[in-house]
Amino acid sequence: MPCPYVLDIRRRRVILRLMRVFFGIGLPPDIRKQVGDFLETLRTRLPRMKWVEEKNLHITLRFMGEVEETRLTAIIGAARETASGLEGFRMVLGSLGAFPNPRRARVFWWGLSEGAEESSNLFNRLEGCLVGQGFESEKRRYHPHITLARLRYPSPLRLDSFTLPEGLSFTASSFTLYQSTLTPNGPIYKIVEEFKLE
């Protein structure tokens, strides 16, 4: 593992290395492909969107932001404690939505028709374990979803104009801690550790 800090001799100070990390529930390859195929049908209709790449699609669980590498052990410990004794659960993709709302959309997402309660329970348990490790609690209300695209400026979005593929379901048998590296061509996600649900 690389050294978690850099010593700046000229200024006699320690510069801590930061990692941008988040928790998510990965999609099985077949579901990820079907969602990706659906997004391809929308690209020409919604050209102003910045679309999420198919390989990066996931159910958002908890965004941690930039954290010091030295705190990674505590984050992983909280996640392992969260996963202990928890069972996997069924997830069914439901309707489309937008944050903050469809009239002024900034984020275009796909929600759940089944599994939202279990996802929220997982989030709440993870949140409690993270707070127990000294991390600040998440102020925003949790809403499980797959982020599909983002808009630079708020724009109206006609959610009822899209025909969704039906019956997209899978079992959430784990959740994952990802590292996100921002690049001019979009974020690159790397799995830090996966946490199995029984």
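Cβ atoms are placed via backbone N, Cα and C, with glycine included.
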Practice item. With TrEMBL as the source, identify the stretch among 77-80, 93-96, 145-148 annotated motif 'HXTX 2'. Key: 145-148
Study note, to complete from the structure: Range annotated motif 'HXTX 1' in TrEMBL (choices 50-53, 58-61, 126-129, 150-153) is 58-61
Check your understanding: So, by DSSP, how many helix, strand and coil residues make up the domain 'Phosphoesterase HXTX' (25-109)?
Key -> 35 helix, 31 strand, 19 coil
Exercise for review: Write out how many residues of the motif 'HXTX 2' (145-148) are helix, how many strand and how many coil, based on DSSP.
Suggested key: 0 helix, 3 strand, 1 coil
Point to revise | For the domain 'Phosphoesterase HXTX' (114-189), the number of residues DSSP places in helix, strand and coil | key: 20 helix, 25 strand, 31 coil
**Study point:** Rounded Cα-Cα span from HIS145 (active site, proton acceptor) to HIS58 (active site, proton donor), Å
**Key:** 8
